[in-house]
Amino acid sequence: MEFTTRTIAAQKHIALVAHDHCKQSLLDWVGTNKEQLKEHTLYATGTTGNLIQLNTGLPVKSMLSGPMGGDQQVGALISEGKIDLMIFFWDPLNAVPHDPDVKALLRLATVWNIPVATNRATADFLVNSALFKEPVQIAIPDYQRYLQDRLK
């Protein structure tokens with residue numbers, strides 16, 4: 001696989017996702033980091049996004065709820081280069097009916113090399129990093145070259 005670069009702008013497009021048992025933890029984290037987050041564009045799966053808006057007043061572009069296709073919608077945005085980083089508080093102790101969607105979402109975040117926090121400590125590191133407020137170059141798959149190679 002060949003790679004190219006993509007610039008993540010100073011104003012980030014951030015996906016916020018949380019499993020049911022982790023929603024309160026994400027809400028608490030968003031509340032604590034509201035000042036940093038208000039400078040960025042927020043996206044979320046359905047229930048999580050609506051809870052964030054109701055509890056913090058921050059504008060959130062909400063997808064469908066995760067089990068109804070919201071995880072896949074966020075994954076599509078990642079593949080299109082429209083999400084720059086993801087905060088995903090997932091529940092490692094309880095299976096969810098849409099586990100394959102969750103795995104696919106995390107796989108796409110890895111393929112497209114976006115920063116991902118799956119717990120509060122890592123999320124804190126991301127928002128407190130100097131890179132959180134600056135443009136950042138990341139390596140991403142060169143899809144055009146990938147497609148050309150496959151069509152030979």
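Glycine residues also receive a Cβ, built from the backbone N, Cα and C atoms like all the rest.
Here's what Swiss-Prot has on this protein:
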ACT_SITE  ASP71  active site, proton donor/acceptor
BINDING   HIS19, LYS23, THR45, GLY46, THR47, THR48, SER65, GLY66, HIS98  substrate binding site
DOMAIN    6-152  domain 'MGS-like'
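Positions of Swiss-Prot features highlighted on the structure.
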residue	record	Cβ contacts under 8 Å, 6 or more apart
HIS19	substrate binding site	GLY66, PHE89, TRP90, ASP91, ASN94, VAL96
THR45	substrate binding site	LEU16, VAL17, ALA18, SER62, MET63, LEU64, SER65, GLY66, GLY70, ASP71, GLN73, VAL74
THR47	substrate binding site	LYS23, SER65, GLY66
HIS98	substrate binding site	GLY66, PRO67, ASP71
Neighbour tally for the residue listed as 'active site, proton donor/acceptor', based on other Cβ positions within 10 Å of its Cβ: 28
Shell of the substrate site beyond HIS19, LYS23, THR45, GLY46, THR47, THR48, SER65, GLY66, HIS98, same chain only (C-beta within 8 angstroms of their C-beta centre): VAL17, ALA18, ASP20, ALA44, PRO67, GLY70, ASP71
Local Cβ density at SER65 (substrate binding site) - other Cβ atoms counted within 10 Å: 16
Assigned element (helix, strand, coil) containing SER65 (substrate binding site), judged by DSSP: coil
